[in-house]
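Pulled from TrEMBL:
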type	residues	note
COMPBIAS	22-31	compositional bias 'Basic and acidic residues'
COMPBIAS	103-118	compositional bias 'Low complexity'
COMPBIAS	480-490	compositional bias 'Basic residues'
DOMAIN	137-291	domain 'EamA'
REGION	1-31	region 'Disordered'
REGION	95-119	region 'Disordered'
REGION	464-490	region 'Disordered'
TRANSMEM	135-156	transmembrane segment
TRANSMEM	176-193	transmembrane segment
TRANSMEM	214-237	transmembrane segment
TRANSMEM	249-268	transmembrane segment
TRANSMEM	275-293	transmembrane segment
TRANSMEM	299-321	transmembrane segment
TRANSMEM	333-357	transmembrane segment
TRANSMEM	394-414	transmembrane segment
TRANSMEM	426-443	transmembrane segment
Amino acid sequence: MGIREFPGSAPRGKSIAIGMRRSPDVSPRRLSDISPQLRQLKYLVVDEAIKEDLKWSRSVEDLTSGPVGLTSIEERILRITGYYGYQPWAASYKREERPRESPGPAEAQAPAGGEASGRTSHRCWRCSQAQLKKIFWGVAVVLCVCSSWAGATQLAKLTFRKFDAPFTLTWFATNWNFLFFPLYYAGHVCKSAEKQSVKQRYRECCRFFGDNGLTLKVFFTKAAPFGVLWTLTNYLYLHAIKKINTTDVSVLFCCNKAFVFLLSWTVLRDRFMGVRIVAAILAIAGIVMMTYADGFHSHSVIGIALVVGSASMSALYKVLFKLLLGSAKFGEAALFLSVLGVFNILFITCIPIILYFTKVEHWSSFDDIPWGNLCGFSVLLLTFNIVLNFGIAVTYPTLMSLGIVLSVPVNAVVDHYTSKIVFNGVRVIAIIIIGLGFLLLLLPEEWDVWLIKLLTRLKVRKKEEAAEGGADVGLGPQSKSRRARPSFAR
């Protein structure tokens, strides 16, 4: 059986019967009935081959383990023989699950516990500090997005009082996109440890367009369409500001989030989410109610149609970018936006010239152009796009999107004091519905799973608190009765 005698054990030739059968006739009732076998097995050693074969039962490991060796010989014999339905794995697991008593006093363990708690608290402090820093940057980004978007909208409205040329203003502001890559490279030189030359960085970012980089074919097939969509988005938005107030324009432009979801669901085959369908329905209902708020006048209907068209172009831009180009890093995004500025300078410049000579967008002299307003609008729009594209490096994307919807009440306050806008019940309800739909679209894809987990944890915590309270109530009378029980021992 692979069992050999240990030196100093029983004489040779004296066999030990350990293969007893588990029948009521031969199985002993007390461990004293097999005490001779216990004394013999105390000095036995098991071969290594049998150890490997019996590892599943964990009996050999327990025979050779322990602080003294065979500390509990009765338990080992029951495990080997299998008397009384003994399950070795259950016994070993129960023994392992028992809390081990510390050999030393409680004071000896206090420094280790204090050190572990110190590490945990230090780690939690670092995590909370990082989260607080990210939230702080998020608040700063939200304020920057809100102020730049609302400021650009109000400044455009003010500019059109002296300079009625929305397309020329669009062209002038888009030219500033050329500054994206130079600004990015300046930040790269200041922050990056491995500094690269402009040519090296440019070549590395050009890989975003393909293996051959930014070729003429790539420029016209991948950059030019997005340049057209960019120009249409800004032109329709600025043209709508001429027709309706800035509050309606800003709140209607928030519907682009719903259009992005609908296009992503149909074109990109993104995950279907019922809550986002509800948000899209709310956006459409808000558009209809906003149209009804002014009584379906031709002026307001045209302005609302222009804003909806601008939001649609913006959604189409985002979905096509994801479909054709995928995701871009910071340097690649900066280079792409600079390429759009170059495209605008080379191929869109002719359109403002044509509009000027055809007197569609005409001004008497260049001295009458409010250059301060044009430059201010361009700087605010450039700031808005920089923060919106690169703010993800310091904070959460959801916080950045909140800045757009928060620009609506800012524009509403400004319009209340500078224009004759009437906030009737229909307009207020439309603003609330569109804002609610925008916020629903900011929910993550697994928001329902997180909500279920949160509710489950709350239920478990309530049950535990109720069980602990019941246990305290149940132990209270017993402890009182024990204390009140008289002792008859004299």
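Using the three backbone atoms N, Cα and C, a Cβ is placed for every residue, glycine included.
Ranked by Cβ pairs under 8 Å to the transmembrane segment (135-156), the stretches 214-237, 249-268, 275-293, 333-357, 394-414 are led by 394-414. Against the transmembrane segment (275-293), the recorded stretches 176-193, 214-237, 249-268, 299-321, 394-414 differ in Cβ pairs under 8 Å, and the greatest number is found for 249-268. Remark: the transmembrane segment (176-193) makes no contact with the transmembrane segment (426-443), by the rule of 3 or more CB pairs under 8 A. If you look at the transmembrane segment (299-321) against the transmembrane segment (249-268), you find at least three C-beta pairs under 8 angstroms, all six or more positions apart, and that counts as contact. Counting Cβ pairs under 8 Å to the transmembrane segment (249-268), the top-ranked stretch among 214-237, 333-357, 426-443 is 426-443. Counting only same-chain residues 6+ beyond the ends of the transmembrane segment (426-443), those with a CB under 8 A from a CB of the stretch are 247-248, 251-252, 254-255, 257-258, 261, 275-276, 278-283, 285-287, 289-290, 292-293, 398, 401-402, 404-405, 408, 412. Proximity of distant same-chain residues to the transmembrane segment (333-357), defined by a Cβ-Cβ separation under 8 Å and at least 6 residues beyond the stretch ends, is recorded for 165, 167-168, 171, 174-184, 202, 205-206, 208, 214, 219, 223-224, 226-227, 230-231, 325, 363, 385, 389-390.
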